[in-house]
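One structure below.
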Amino acid sequence: MIPPTAAGELDVKGSPAPLPDPPAAHWKGWWSATAPPAPAASESSRSPDSAAGEKLKVAVWGGGAFGTAMARCASRNGHDVVMYVRDPEQARSINEDHVNNKYLSSFTLPDNISATTDLKEANDGASLIIHALPCQLTPKWLASNRDLIPADVCICSTAKGLYVETRQLLGDAMIAALQRPQPLAFLSGPSFAAEIMKGDPSAVVVASLKLYHATAVQKFLSNHAMRVYVSQDVVGVQLGGALKNPLAIGAGMIEGLGLGINTMSAFVTRSCNELRQLCVAMGGKENTISGLSGVGDLMLTCFGNLSRNRTCGTRLVKGEKLEDILKTMTVEGVPTARVCVYYADMCGLDLPIFRCAAAVIDGKMTPEEALVSLMSRPLGMEKGKIC
């Protein structure tokens, strides 16, 4: 296992190397975009600080629900958004019908969102790339398509998971796959795709080692429907978004067992504590875990009925087989659970909720047995901070 590092500042041998600054063309696009736009009555959804001063190109890799939501978010600021999808019919539907026929099909897409099955076409001229592909498929996909990806454009990853094959943070696995320095940013926080599409006010955090990359993403995506905060804690933001997933599966099990709000509140509170312990032990900052990418995302996915991880837990309790559930949707908490236990062992942490969630997912324990195990632990003081 390769320990978490500051993804985006490694050379191909793993030693520290500075990120290349963006070339002048991209630099001009990013920073001229931060200038306050002239007021426009027809653009009431834009905030005074939105990246609407200049129309730029944003590429979105992935035509799933969250990729579509990110495309819509950038389009609200007037940018030209090109979605890369594999399915020609999906691309046709987006281009001609202005609807993603596979995901969120009840929403009409604006004219400044288009789609292509040609990755080079999607990337050419883009000032920002938003990565919205499944976590476990990402490194090999990047390695296969490295020559089609510009090395000087920031890739903002929205995938929330750990790369199981090497037990790495996704950012580290991405740099290893690209075999070169690459500007990276990581977006996380409580954000269901359908609510972003509706324009419900939402808030997320984006982290990058070099703050200007995070600030550039902030300006591209921020408007009156989306507030983006910035951070340089790339480890904490990635871990918060990834580690809450198996905990959310546990929350779904509680829901499936028909237990009440007392049980759920106790579970989520103690889960916050375990999430903080593990993230800090792995190099994240405590304040990050107390924020949007940690506790914020955990609250959303534990209590929100749109959460795939929570839904997975509920379906498991009702008797469905895990392999059947995974045929219908991507559940990042399933592969992540085992890596969480590995990290806990590596750091010498107990973390009983993480361990019970992983045991149930692996079929080594029933949800009922997990509940008894947690409630039968030795009594003691409530130690440390909750969040």
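Every residue, even glycine, has its Cβ placed from backbone N, Cα and C.
Under the heading active site, proton acceptor, TrEMBL lists LYS244. Of all the Cβ atoms in the protein chains shown, 32 others lie within 10 Å of the Cβ of LYS244 (active site, proton acceptor).
The Cβ of ARG308 (NAD(+) binding site) lies under 8 Å from the Cβ of MET329, THR330, VAL331, each of these being in the same chain and 6 or more residues away along the sequence. Sequence annotations record features per position, and here TrEMBL assigns NAD(+) binding site to GLY62, GLY63, GLY64, ALA65, PHE66, GLY67, ALA193, ARG308.
The substrate binding site annotation in TrEMBL covers LYS160, ARG308, ASN309.
Annotation comment: TrEMBL describes 32-51 as compositional bias 'Low complexity'.
What TrEMBL records for 57-209 is domain 'Glycerol-3-phosphate dehydrogenase NAD-dependent N-terminal'.
Here the domain 'Glycerol-3-phosphate dehydrogenase NAD-dependent C-terminal' (233-371) returns a mean pLDDT of 94 for the predicted model. Under the heading domain 'Glycerol-3-phosphate dehydrogenase NAD-dependent C-terminal', TrEMBL lists 233-371.
According to TrEMBL, the feature region 'Disordered' maps to 1-51.
Between the CA atoms of LYS160 (substrate binding site) and LYS244 (active site, proton acceptor) there is a gap of 9 Å, rounded to the nearest whole number. Cα of PHE66 (NAD(+) binding site) to Cα of ASN309 (substrate binding site): a distance of 15 Å. For ASN309 (substrate binding site) paired with ALA65 (NAD(+) binding site), the C-alpha to C-alpha distance reads 15 Å. Excluding LYS160, ARG308, ASN309 themselves, the residues of that chain whose CB lies within 8 A of the CB mean position for the substrate site are, in sequence, ASN245, ALA248, THR301, SER307, THR330, VAL331, GLU332, GLY333. For the NAD(+) site, whose binding residues are given in the record as GLY62, GLY63, GLY64, ALA65, PHE66, GLY67, ALA193, ARG308, the maximum C-alpha distance rounds to 18 Å.
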